[in-house]
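Notes follow once the structure below has been shown.
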């Protein structure tokens with residue numbers, strides 16, 4: 001119906017044969033063992049920035065795919081605001097095109113968010129894919145901001161669309177993906193994801 005055709009983004013591919021591709025394969029193999037805590041650990045001798053980059057791309061693809069399956073249920077009418085329950089509402093700002101946070105529907109917010117993430121993943125100065133090209137000094141803070149915002153899509157799916165997820169028999173996939181995500185941000189980035197009530201949100205918390 002009225003959903004944006006842009007919401008479901010094309011998959012971001014890591015070039016086959018590259019070192020990052022090998023890291024992704026390692027991550028997938030470890031995940032296959034079922035031990036999520038082990039799966040998030042930095043492989044011995046590997047660069048932390050590269051590990052975070054590979055996993056950030058992978059989480060973007062997972063969330064993109066999961067949200068893509070429930071877009072028919074997430075519409076301007078059903079989700080006029082981007083929220084994770086009645087107390088938690090998210091307003092969009094990217095600091096460049098939209099400097100002041102704006103209130104928008106969930107599908108619009110998620111479209112803004114996924115486009116914003118994709119633009120950064122495609123930026124070779126931020127996410128270099130070639131061996132020997134250094135990561136920028138602010139890479140970790142960029143990755144943390146991306147992951148903090150991607151968390152909001154999980155939160156919205158759980159709060160607003162868990163029934164369709166069950167109908168589509170995707171809850172096991174969603175739960176595993178979310179658990180993997182939480183382990184990764186806590187163990188590797190030491191990032192604690194709090195959902196901040198709207199009334200306590202400072203102008204800097206976008």
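Cβ coordinates are placed from backbone N, Cα and C, and glycine is handled just like the others.
The transmembrane segment annotation in TrEMBL falls on one of the ranges 159-177, 178-196, namely 178-196.
Within the set of binding-site residues (74, 79), the lowest number of other Cβ atoms found within 10 Å of a Cβ is recorded at 79. Listed in chain order, the residues near the Zn(2+) site other than 74, 79, 156, 161 are 70, 73, 78, 106, 107, 110, 157, 160, each with its Cβ within 8 Å of the site Cβ centroid. Residue 161 (Zn(2+) binding site) is surrounded by 22 other CB atoms, counting those within 10 A of its CB over all protein chains shown.
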